[in-house]
Amino acid sequence: MGSNTESDAEKALGSRLDYDLMMAEEYILSDVEKNFILSCERGDLPGVKKILEEYQGTDKFNINCTDPMNRSALISAIENENFDLMVILLEHNIEVGDALLHAISEEYVEAVEELLQWEETNHKEGQPYSWEAVDRSKSTFTVDITPLILAAHRNNYEILKILLDRGATLPMPHDVKCGCDECVTSQMTDSLRHSQSRINAYRALSASSLIALSSRDPVLTAFQLSWELKRLQAMESEFRAEYTEMRQMVQDFGTSLLDHARTSMELEVMLNFNHEPSHDIWCLGQRQTLERLKLAIRYKQKTFVAHPNVQQLLAAIWYDGLPGFRRKQASQQLMDVVKLGCSFPIYSLKYILAPDSEGAKFMRKPFVKFITHSCSYMFFLMLLGAASLRVVQITFELLAFPWMLTMLEDWRKHERGSLPGPIELAIITYIMALIFEELKSLYSDGLFEYIMDLWNIVDYISNMFYVTWILCRATAWVIVHRDLWFRGIDPYFPREHWHPFDPMLLSEGAFAAGMVFSYLKLVHIFSINPHLGPLQVSLGRMIIDIIKFFFIYTLVLFAFGCGLNQLLWYYAELEKNKCYHLHPDVADFDDQEKACTIWRRFSNLFETSQSLFWASFGLVDLVSFDLAGIKSFTRFWALLMFGSYSVINIIVLLNMLIAMMSNSYQIISERADTEWKFARSQLWMSYFEDGGTIPPPFNLCPNMKMLRKTLGRKRPSRTKSFMRKSMERAQTLHDKVMKLLVRRYITAEQRRRDDYGITEDDIIEVRQDISSLRFELLEIFTNNNWDVPDIEKKSQGVARTTKGKVMERRILKDFQIGFVENLKQEMSESESGRDIFSSLAKVIGRKKTQKGDKDWNAIARKNTFASDPIGSKRSSMQRHSQRSLRRKIIEQANEGLQMNQTQLIEFNPNLGDVTRATRVAYVKFMRKKMAADEVSLADDEGAPNGEGEKKPLDASGSKKSITSGGTGGGASMLAAAALRASVKNVDEKSGADGKPGTMGKPTDDKKAGDDKDKQQPPKDSKPSAGGPKPGDQKPTPGAGAPKPQAAGTISKPGESQKKDAPAPPTKPGDTKPAAPKPGESAKPEAAAKKEESSKTEASKPAATNGAAKSAAPSAPSDAKPDSKLKPGAAGAPEATKATNGASKPDEKKSGPEEPKKAAGDSKPGDDAKDKDKKPGDDKDKKPGDDKDKKPADNNDKKPADDKDKKPGDDKDKKPGDDKDKKPSDDKDKKPADDKDKKPAAAPLKPAIKVGQSSAAAGGERGKSTVTGRMISGWL
């Protein structure tokens, strides 16, 4: 087992090395290939055509050859933006490779569209796309790059729009902590590629164009993606710079949308929208909730919050209720603020007694609320200062009344365990009010939001100190009275005799600490000032640097403290004994002053660390090391350690702290305005909220508002229906505004791109056009027998630019990029070392890991959708048709109001018992079904001559057959029987006469004739002269004209699904050859498609709902069976083949239909088949089906292709049908029979429903918390 494991590891390592070191094999270009690549580089279309016509298929020429830079002719055409050359190369079946990615990288839109259509036409289901199948050693792009990702990297709006309209999807990255099998395998196989693929995916998701096109709420998407990138930035610190850059891009996009808000209404809608269901739904004209701005503050979107438009809106809300305040002078503003501050008790009482009065409403204004709360807090700080200065005692001493002096003396005797004084009682009341306010804030915001604000942490710490002070004072009172009442001990004695940890001393320490934090809270209040605010932000940043510094400083302090304490503790004990030689509790400072001073320096680890800390400020001298009984070596070693500590701490660490603080201040000063506005906005938003209007300590008093809530008098709650309608209105209004902003943003970005000056690409394009024109003129002159000497010699000097010369030199001199031959041989012959670490990793990997709380495989399966890198043209057309359908529904929203009531009752008799309003509602909800029923009823009544019945779509998307009833079906059968009899007479005459118009060859020679016809386009041939006369038969109603490829045959009933719809009759001049003749210029494929579609555009019926294509038009109903076929009718299928590239010279047709049964041998049972055949069978084919066909589809036909074939079709066929077949029957077939026969169409892809995104059509796929809502397609 061990040997097998080791061999597997060696094989895996060997394959990985082979992959990593795999290089493209050196290939020496022939002279023809060199000329071919140079002609493509110069844009020489005639030269390229000539080489392709002369040498394609020979050993001297390979159309897929590459230049030394590993560029094929197709990539060269894309880089030079030569569309005609690209089309020619595609027509000659060049390998596409990663040309689509190159076109996207070059931002060549026309090439992208053409290559997307090529991929859709030639790609087989289950096979890799062309850029995925390319050799990784030769590819320019990594494996994880898809067209949509690359287009997002280029941030090209137009290409992204094309791909998203086609339904292309983006492979979503899994969560960074995902532990599914796919992520674990990818991480173990190649961790670098795994991380880079994640970076590429997030770089695509961060593209502004992709967010604008794919997200219904771009601002929310930008916020959430920025927060996730911040998390990735912390978890994958190796790629911190990349994630930081992407995060900055996303933040800039969200902020740039604010630049395009033109009115206050747009800005209010943008900032007040709440994407989560809530009871408070904002509408225009109501009090602003600013939910989106709160979300921006929560996600730390500082540039978004500090935007001038946002700040203007916040300032307008902040100074609401004080008109003209901002235009007053500073002295007048100060007077107004003082008046408001001094009157805060009056306003508070008004609000408590009458919450709905004018004074109470005025107090709810944000600025007034801020002034009242600030003045209340200032009064609390005044009380703290009065308690610290012992104002009561000083007042008693100044007044010096006898009773006051007596009271003061008694208080000093009973200071331990005394009750709080009047100022302390007021402070305790304030503390209770402040704690109550903090609890309300914690309840409303939640624990997470409360902790995120650092000033709430400061409030929590100060309140904890105050609570400790109150508890310690209560404990001291209990202890004192316990000793006094129960133990009979006098607890009152001077302070110097108290225990070191007496509760009174502990309470004073806690009160002092709480006082410090309370005064520091003023910094937060001063952040509203434009001068003090930036300083407060800088101070906060420096505190973070100090905390980082103290982590290292504490480590150094503890290390040297342990060392010095180990050296000097014994000698410190000797000094202590000298100090306390008289009494253990009394120090002899008179005789042993030095010993009493220095013994504490190194007595224990705590004292040693304190000494080293104060040594940083120069408060410890070297005399402290002259301890009693210390030895010279010990003193020297201690001094050496103290010196080392001083160098590391004072010179290195302290200067590093100064440098860090300077750097932080420099960073803050560069963006001081943004940081300050963000901090000020946080302060403003805290006063915009409802509640907390009354400042402390009045918030402890019950008010009328609270009493009404307690007694049950609440506002009437909104119903769910009302909430849902309000949410829909808010969502609709927000969508309209966001569409406007996104459209303005994209327009501005496109204009900014177009405003660039002349670039190098423009010069290259002009040079390419001039070069192509030169060679075209030379070709024209040569074809007209002009004397053009030395064309080849002159063409070699076309590339006069530096890049052109370098490229030509490399091609002509066979320059190759690769290993030096000797070095490559040495590397291949060197012995690979044994990989011990991989074996060790396999042994460790056998251990079972702890089972986590999350099943990552289940999460990945749940959040995974089928990937479609490029989508399809069908999806793009469906999107446009859905928009048209949606617009039509909106325009006809009230159509049911004018509908005839009688017709409604006839349509549904149950409507006679309901009111008119109910009938109108029924019409609105059932309009689609009523319209479909009307169309079906019209089809059942019968169509005009030559018009087949339309087949409705079933749930699976296939067309169901509708059998026409009544006498129309009998007439069709009689006409079909007469037509078969006439055709049989024609066949017998043709077989007897042996005219050139029929097949006079035996059946065995049929195959050879077919191959010959495939290689050479057939010439226009006239039908047999012995055909039926004009008066013999009438055409079958709805059957259409006879098929041009089989004038003497009738198709089997089951063959309608296997053949293309008959092409409409065209003029003789419209016939196009299947392939260009030598020396002629081939028409590009796109032009051929355009010409083909323009011919059939007029005959297309209107599209049905959902953008489903209509069936192919049939021939006119007045076409007669004996009419001669026009040459264009026979050539139309050939032109279609040449255009779509669906046939190749070396491919053979095969299928159950070969050889076809002649119509002349039809038995009476065939009449039953024709009866079952529907008039619209030939119209079921869509015009676009021929584009999707491939040559191999005929052999790969699935049983589902015959699902419309009825069970009785095979039973009606008699056993003697094949036996009665005559040799002359096969003679009647023309060579064009097999030529015109086309393979079955590929299965259609599922259509996207109305309102459904392309990602939702394929199912949801693996995505993280944020990026799962990205590709939801709403434009």
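Even glycines carry a Cβ here, placed using N, Cα and C.
The model shown is predicted, which means the values in this text are computed figures rather than measured ones.
Here Swiss-Prot flags 1-366 (among others) as topological domain 'Cytoplasmic'.
Along the repeat 'ANK 1' (69-98), the predicted structure has mean pLDDT 90. Annotation source Swiss-Prot lists repeat 'ANK 1' at 69-98.
Marked as topological domain 'Extracellular' by Swiss-Prot on the basis of sequence analysis: 388-418 (among others).
Annotation comment: Swiss-Prot describes 440-450 (among others) as topological domain 'Cytoplasmic'. The DSSP breakdown of the topological domain 'Cytoplasmic' (440-450) into helical (H, G, I), extended (E, B) and coil residues amounts to 10 helix, 0 strand, 1 coil.
What Swiss-Prot lists as topological domain 'Extracellular' is 472-541 (among others), and the listing cites sequence analysis.
Per Swiss-Prot, the feature topological domain 'Cytoplasmic' maps to 563-609 (among others).
Annotation source Swiss-Prot lists topological domain 'Extracellular' at 631-637 (among others). Mapped onto DSSP helix, strand and coil, the topological domain 'Extracellular' (631-637) counts 6 helix, 0 strand, 1 coil.
Summarising the annotation, Swiss-Prot assigns topological domain 'Cytoplasmic' to 659-1275 (among others).
Under the heading compositional bias 'Low complexity', Swiss-Prot lists 955-964 (among others).
According to Swiss-Prot, the feature compositional bias 'Low complexity' maps to 972-982 (among others).
Taken from Swiss-Prot, the feature compositional bias 'Basic and acidic residues' applies to 1002-1022 (among others).
Look at Swiss-Prot and you will find 1033-1049 (among others) tagged as compositional bias 'Low complexity'.
Look at Swiss-Prot and you will find 1080-1098 (among others) tagged as compositional bias 'Basic and acidic residues'.
Here Swiss-Prot flags 1099-1118 (among others) as compositional bias 'Low complexity'.
Summarising the annotation, Swiss-Prot assigns compositional bias 'Basic and acidic residues' to 1144-1239 (among others).
Proximity of distant same-chain residues to the topological domain 'Extracellular' (631-637), defined by a Cβ-Cβ separation under 8 Å and at least 6 residues beyond the stretch ends, is recorded for 567-568, 571, 625. Packing against the topological domain 'Extracellular' (388-418) from elsewhere in the chain are residues 476-481, 491-493, 495, 498, 502, 504, 515: each is 6 or more residues past its ends and has a CB under 8 Å from a CB in it. Residue counts of the topological domain 'Cytoplasmic' (563-609) by helix, strand and coil are 28 helix, 2 strand, 17 coil (DSSP-based). Taken residue by residue, the repeat 'ANK 1' (69-98) breaks down under DSSP into 16 helix, 1 strand, 13 coil. Break the topological domain 'Extracellular' (388-418) down by DSSP state and the numbers are 23 helix, 0 strand, 8 coil.
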